[in-house]
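Novice: Quick paste of what TrEMBL says about this protein:
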type	residues	note
DOMAIN	3-52	domain 'Replication factor-A protein 1 N-terminal'
DOMAIN	128-232	domain 'Replication protein A 70 kDa DNA-binding subunit B/D first OB fold'
DOMAIN	259-354	domain 'Replication protein A OB'
DOMAIN	417-561	domain 'Replication factor A C-terminal'
Amino acid sequence: MNLRAIFPSNISAEVISGGIQNKGLVRILDYTLNDIPNKSEKYLIVTKCEVVCPALEMEFKAEESNEESGTIKKPKQETLVEHEAKAGTGIILKPKQETVAKSAAQIVYEQRENMAPAARMSLTRRVHPLVSLNPYQGNWTIKVRVTSKGNMRTYRNARGEGCVFNVELTDEDGTQIQATMFNEAARKFYDRFQLGKVYYISKGTLKVANKQFKTVKNDYEMTLNENSEVEEAANEETFIPETKFNFVPIDQLGPYVNGRELVDVIGVVQNVSDKVLLRRKMDNETVPKRDMTIADETKRTVVVSLWNDLATGLGQELLDLADKSPIVAIKSLKVGDFQGVSLSTIGRSTMQVNPDIPEAKRLRTWYESEGKGTTMASISAGLSPSFKTGARSMYSDRVALSHITGNPSLGEDKPSFFSVRVYVSLIRNDQGMWYRACKTCNKKVTEAVGSGYWCEGCQKNDDRCNLRYIMVLKVSDSSGDAWVSAFNEEAEKIIGSPADELDKLKSEEGTMNYQEKLKEATWIPHLFMVSVTQNEYNNEKRQRITVRAVAPIDFAAESKIMLEEIKKLTDSK
């Protein structure tokens, strides 16, 4: 049968080059069937295809079975007439050699027979690229590599207890998606999913990804249940890309401190500590930990804490190899503020030792030629102790408030960090300035039935709780005003006292003394390090400015900044 089809413009290069031509054989990999306006029949809209073989000698019809004789009718061929003719020049024209004609079905069958079993299997099902999936799609099958596998975790909420784990999946186009499995599905697939292997997956569901917790760049996230199908595609590893890294240089880790975004790093191992066992406060469980220090071409070092399996498995291997300065590539690390800037593995973190990637080869070349004899400095060295995150100096990235408020797009992709010199012009106290927090984990608590306070995070009652600031301030400089948020540690420096003391002042000494205390905290100059992000409210994006660090004015440093500004103005004239 014949079927009309339309090729997209991105396949035009194949047509121009002669790859796709009349009577050529192609394999359709992805398509849709649509009605074309003003046309009576349906058209096949081809979105992805590949050339199987060049143009055939002639067009063939599929082989047909003759039911009466039980034989197969072969496709008709033109009869080759053998002849010899002598031209006037004495050249003898020899007859055309007979060729064995094959139908399209025969060619495809022979190619499939020469393929590996898993490759043949891929031809029997229609594999969808990850980029084409959406929550409203019907049945689909994907072929993906497991590029990250998290640990099995337990949880407890109002509906009971359960277990969960995540994997990150990558298809042949490099598109990634996170898949989550709960309870029965988690127990069924945890051992089946192996890091680095390729699988066919079907019968999953998709939903819009939670932007706060997603770890891959995809608008959707996948959920697999106990009825989902997961089948290993043996011997097909080469069809799917290896783990993709997005490395952040060590000297650029500052903006990620205490943020939700995870980072990938690569570095040369400088030293590795022995394994230690720590008792976790939340559930009193003992977990192994090991620290190592790595360096990169920025000539900076950072401490990476390895937890659980990474501390006992690859961590022990690195301890044995430490004197050979191995290179490690680590994916999905959390950036903390311990000792300035520190890195820590989490459940979904993966690590490769001496990986065969271009970045590792370049780093090895640098280390052998230059880095081995270079003095390395910690990323936290020389930073002001008043800026606990250790990410940046209070006197770098200085901007006026108008630079932030006048650029609504700041912080769209990732948080932007700036330092500002401002006055606190107003402290909003018409709403709660603090919340009741758990003494163990600092999460919000609720009043328990009877007495005490219930912490959902720790799953326990406590007789007492702490008060922690959550303030909204109006700050001003010569360029304008802005509303900012400040949390406990930063708010304490602004107010000059903890939230418990301010609450006591309000309840015991009256509103007047309370208001006076807030008034004393205004119109005092501060240096703020702020982060700028975007959040959505009523389908409208808004800028959110958060105070990350507070420091008093260093007038000597401020004078140097003003002298530099004056010099710039003088040089420009």
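Using the three backbone atoms N, Cα and C, a Cβ is placed for every residue, glycine included.
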Novice: By DSSP assignment, list the helix, strand and coil residue numbers for the domain 'Replication factor A C-terminal' (417-561), in that order.
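Specialist: Each residue of the domain 'Replication factor A C-terminal' (417-561) counted once, the result is 35 helix, 70 strand, 40 coil.
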Novice: Looking at the domain 'Replication protein A 70 kDa DNA-binding subunit B/D first OB fold' (128-232) alone, can you tell me the average pLDDT?
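Specialist: Result for the domain 'Replication protein A 70 kDa DNA-binding subunit B/D first OB fold' (128-232): average pLDDT 87.
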Novice: What is the number of residues in the domain 'Replication protein A OB' (259-354) that are helix, strand and coil, as DSSP sees it?
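Specialist: Each residue of the domain 'Replication protein A OB' (259-354) counted once, the result is 15 helix, 54 strand, 27 coil.
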